[in-house]
Amino acid sequence: MPDSMPQLTLHDSRSRKTVPFAPLDPGNVRVYYCGPTVYDLAHIGNLRAMVTADILVRLLRHLYPRVTYVRNITDVDDKINTRARANGETIDSLTARTIRDFHEDLDAVGILPPDIEPRATHHIAEMLTLIGQLIDSGHAYEAQGHVLFAVSRFPAYGALSGRSPEDLLAGARVEVAPYKRDPGDFVLWKPSAPDLPGWESPWGRGRPGWHIECSAMSHRYLGESFDIHGGGSDLLFPHHENELAQSQCCFPHGRFANHWVHNAMLLVNGEKMSKSLGNFLTVRDALSVSPAEALRLLLLHAQYRSVLNFTLAGLEDAKQTLNRFYRAVGDTPPDGTVPVPAPVLAALCDDLNTPRALAEMHALADRALAGDRDAALGLRAAGQLLGLLGQTEDAWFRAGTYVHPETIERLIVERQDARKSRDFCPRRRYSRKSGEGRHRAGRRAVRHHLEARMTGRDGGADIGPIGNSPVVILVRPQMAENIGTTARAMANGGLFHLRLVAPRDGWPLERAWRSASGADRILEAATVHDSVDDAIADLHHVFATCPRPRHIVKTVLTARGGAAELRQMSGRGLRTGLLFGPERAGLDNEDMARADALIRYPLNPAFMSLNLAQAVMIMAYEWWMAEDATPPRALMTNETHVATKGELDNFMRHLIDDLDECGFLRNEQKRAGMVRNLRHFFTRGEVTEQELRTLHGVVTELTRGRRARGQ
């Protein structure tokens, strides 16, 4: 490593300290990472470990002349056997397909392949050799066709994970196999049934235990001692603890791994990822709703030793960060001769501090966007070290639209024509029949389904059409957030059908769902139209909202009057609609000419300013109230009933008897009037059963207290 390079420090799980990294051979840094057990698609937790390994190896290759990176594949395991049987396919077919899928997923996210990727089934001979050594040295024993490692023969067992043998036994929750000498002993070799994979051995036909596989493969390619062993923190115990124990017993003069690097777990919306919780996400789930580079960036937002919370909002933030970075690098080409900026490199050398490195990249982006080309080149170099910013700006933004290049070219031509004609809202720009509309709608549906799985919610309130309700038609809406809040307003008033005429930014748009507060089904069912004529073609009557006076001769209704007429028309089976204009200017005269009547809101003429959702909310409220039977005044009883006359009379007798006993009503001339006033007091409003029970208790306690005092 050149003297000009910063010192790399890494947190070592065995010493539980962050220490300077000192390779055993600076001319060849050797790294081993645990790879997948190939029975299913990789999930995003697996991906975090692979991204951590990728960042580490990229950094090591930047600092040292040679790095040998080994990442294994476990292709013999009980889970593989179970899955193949359930699928009705051969084990070879399952493992081959899963390995191919794993490579495709990692390639998509920009993870570099290892130098060596050994498969467990190709190294059975090495495993048998190690097991024989362990038996010969007294660290393993044979029992009923099994070979087990004797934990008691290795005093340092538990040092890596920080657990004592007593702790390990106390945490045991499974029945101990009768052939074990000690409950903590683990399997090195086990018998195989005839229909399961198996190899001949001195102890009979069988297959290896999980832990011996990695010991054999790491020794085969990296030797008795190597520099770094890594994986997820879920592998720390028992897998890595067992690896270390059996390897050091086989090769007592080596350390096995000099440094142990473990990444923390990944949460999904603040909860542990679990199939039982329904928030289990594969890499392909995430890639179905996000560019791969955004997924990679999201996994760098937290340092590898910190828990990372995965959310779809976080994916969107990562995409926006990349938008900014790509605008900043512009047309600067990838150039391997440009040095990585020192602050970025220093951050990564500080125990892979990716959040700090990203903060430095934001600072570079600030300067690049202000015109500093050197900063743009530095940002590009920093991104390349992190496996980011490998595209041109044009390629990134084209890919980010998820639209076919021919469609992009057509939209560019349309936009150029619009500039010439000064028409900046071409109405055919976003057709519900267009390819890009269908593609985006498909992505939106996938994202919506994925978010529902992640959050455990159904993706929104269970709402649907209520009778023959009017269609809400938003003409040239400008902001997705306003469409979302409109849907929210509609849901409150029992309206469901939403049509969008030439939305400025296209459809669907994620921001609309964020602001809909659960009115998702209205947005999912919304349709997009090229023109007002197209949107109202199947309707019998249409009213147009018009907050301000216009020079038009047409019937004008209040919101309440319009709602009443809409109710009458709907009751006759006629289809009706309400037109609402764009946020700034409202409907133009051509739009209103297509309406049968106008709806004005009689509000303060000195102000008269409503946003789109407010305008829709007023009509939705009046539509609902036009047939609502709620009385204008009622008592909120909080799930208790109003007391009956008999219950009230019973309380009055209780009260009057106790008042007579204490002498409060002793004046006979006034007694009748006083009782009458009390009765008026309790009958003036609606007293509930709960309130009467409370009053009974008050009277009883007051009387009991007086008697206790002897009064």
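In case you wondered, yes, glycine gets a Cβ from its N, Cα and C as well.
All TrEMBL annotations are machine predictions without curation.
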Using TrEMBL as the reference, determine which range in 2-6, 272-276, 587-591, 682-686 is annotated motif ''KMSKS' region'.
272-276
Per TrEMBL, which of C214, C349, C546 sits in the Zn(2+) site along with C34, H239, E243?
C214
In TrEMBL, which of 36-46, 278-288, 652-662 is tagged motif ''HIGH' region'?
36-46
For the motif ''KMSKS' region' (272-276), report the average pLDDT of the model, please.
74
In the structure shown, with every protein chain counted, which of the binding-site residues C34, C214 has the densest set of Cβ atoms within 10 angstroms of its Cβ?
C214
Cβ-centroid neighbourhood (8 Å) of the Zn(2+) site, C34, C214, H239, E243 excluded:
W210, H211, E213, S215, H229, G231, L235, H240, N242
Tell me the Cβ contacts of E243 (Zn(2+) binding site) under 8 Å, same chain only and six or more apart in sequence, or just say none.
H211, C214, S215, S218, H229, F256
Write out the long-range same-chain contacts of H239 (Zn(2+) binding site), meaning residues 6 or more apart in sequence whose Cβ is under 8 Å from its Cβ.
C34, W210, H211, C214, G231
